[in-house]
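Visitor: As annotated in Swiss-Prot:
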DISULFID  C97-C189  disulfide bond
CARBOHYD  N5  N-linked glycosylation site
TOPO_DOM  1-25  topological domain 'Extracellular'
TOPO_DOM  50-57  topological domain 'Cytoplasmic'
TOPO_DOM  80-100  topological domain 'Extracellular'
TOPO_DOM  121-139  topological domain 'Cytoplasmic'
TOPO_DOM  159-195  topological domain 'Extracellular'
TOPO_DOM  219-235  topological domain 'Cytoplasmic'
TOPO_DOM  259-271  topological domain 'Extracellular'
TOPO_DOM  292-323  topological domain 'Cytoplasmic'
TRANSMEM  26-49  transmembrane segment
TRANSMEM  58-79  transmembrane segment
TRANSMEM  101-120  transmembrane segment
TRANSMEM  140-158  transmembrane segment
TRANSMEM  196-218  transmembrane segment
TRANSMEM  236-258  transmembrane segment
TRANSMEM  272-291  transmembrane segment
Amino acid sequence: MWQKNQTSLADFILEGLFDDSLTHLFLFSLTMVVFLIAVSGNTLTILLICIDPQLHTPMYFLLSQLSLMDLMHVSTIILKMATNYLSGKKSISFVGCATQHFLYLCLGGAECFLLAVMSYDRYVAICHPLRYAVLMNKKVGLMMAVMSWLGASVNSLIHMAILMHFPFCGPRKVYHFYCEFPAVVKLVCGDITVYETTVYISSILLLLPIFLISTSYVFILQSVIQMRSSGSKRNAFATCGSHLTVVSLWFGACIFSYMRPRSQCTLLQNKVGSVFYSIITPTLNSLIYTLRNKDVAKALRRVLRRDVITQCIQRLQLWLPRV
């Protein structure tokens, strides 16, 4: 029994995304540049929303949560991949694999729920503008964000506990650059019916955000069609444009990665899909909201025109208890 437990806690081997050739050295450098852009963009978005009082609204609070999720998502995957590449090692501990598995599932699920909440925010803003302060105030926004985090955490904790409880056999080589569940589950020795059932249930639950987003935009489209002013229509499309773009990128990448027939899946396609939604999408999200959103762009210009350090100190003093 002791030997079995020791074996189950042995390290996993990650195949990685790169090898030691010059071409892959260039690709690694490119990936790190994209990673730095993602970290910088999402961090900037979070700081702007915290610093600028005009962005202290439920809509931008939810946007800050999206940026935080993207920042954590890309860091969870890329930092370990970069460490292994630079050190020449390919191993990841059992606890490290379980942690990475939990975090990427949690952050992915939370982002799905949060995008649905953000679509509801757009629906209230366009279809019920006079009741927006009641239906979508700061307390409601905070509660929805907490529920997104909590629901995704419980779901991913169940997944992680079930998957990592199984015995693993063979060389324990994960044919991926991080501990994604389709790659890890292939190493399991034994019946995985319980885990497959859990995956099916979670998939059905994660279809709920898609339904809520679609329903919200059906009502939004109806309201926009009934608008007589072309200016109002442009404002409505501007309000929804960034969110729709992010939704399309995120769910499109997820569908490509997880909802294709197994007969059509290859290791290369799986890696490409994972790179897109775990690296490219978090990078594009911050750029989309920064470049397309006029309020965020104006906040950036305001911050650049004043002493940022002074503003940060003033904000910090407001939070610190008075002595």
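Using N, Cα and C of the backbone, Cβ positions are placed for all residues, glycine too.
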Visitor: Cβ under 8 Å to the topological domain 'Extracellular' (159-195), counting only same-chain residues 6 or more beyond its ends: which ones?
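Guide: Contacts of the topological domain 'Extracellular' (159-195) (Cβ under 8 Å, skipping residues fewer than 6 from its ends): 4, 7-8, 10-17, 76-77, 80-81, 92, 94, 97-98, 100-102, 104-105, 202, 258, 267, 270-271, 274, 278.
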Visitor: Contact between the transmembrane segment (140-158) and the transmembrane segment (236-258) is defined here as three or more C-beta pairs under 8 Å separated by at least 6 residues; is that satisfied?
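Guide: No, the transmembrane segment (236-258) and the transmembrane segment (140-158) are not in contact.
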Visitor: May I ask whether the transmembrane segment (140-158) has at least three C-beta pairs under 8 Å with the transmembrane segment (58-79), counting pairs 6 or more apart in sequence?
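Guide: Answer yes, regions in contact.
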Visitor: Per 10 Å Cβ neighbour count, which of the disulfide-bonded residues C97, C189 ranks highest?
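Guide: Comparing the disulfide-bonded residues C97, C189, the most crowded Cβ belongs to C97.
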Visitor: For the topological domain 'Extracellular' (159-195), what does DSSP give as the number of helix, strand and coil residues?
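Guide: Final tally across the stretch: 15 helix, 4 strand, 18 coil.
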Visitor: If you average the pLDDT over the topological domain 'Cytoplasmic' (50-57), what number do you get?
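Guide: Residues in the topological domain 'Cytoplasmic' (50-57) carry a mean pLDDT of 88 in this prediction.
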Visitor: Treating G and I as helix alongside H, and B as strand alongside E, what does DSSP give for the topological domain 'Cytoplasmic' (50-57) in helix, strand and coil?
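Guide: Secondary-structure composition of the topological domain 'Cytoplasmic' (50-57): 5 helix, 0 strand, 3 coil.
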Visitor: When you scan the chain for residues with a C-beta under 8 Å from the topological domain 'Cytoplasmic' (121-139), skipping those not six or more beyond its ends, what do you find?
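Guide: 57-59, 61-62, 216-217, 219-220, 223-224, 236, 239-240, 243.
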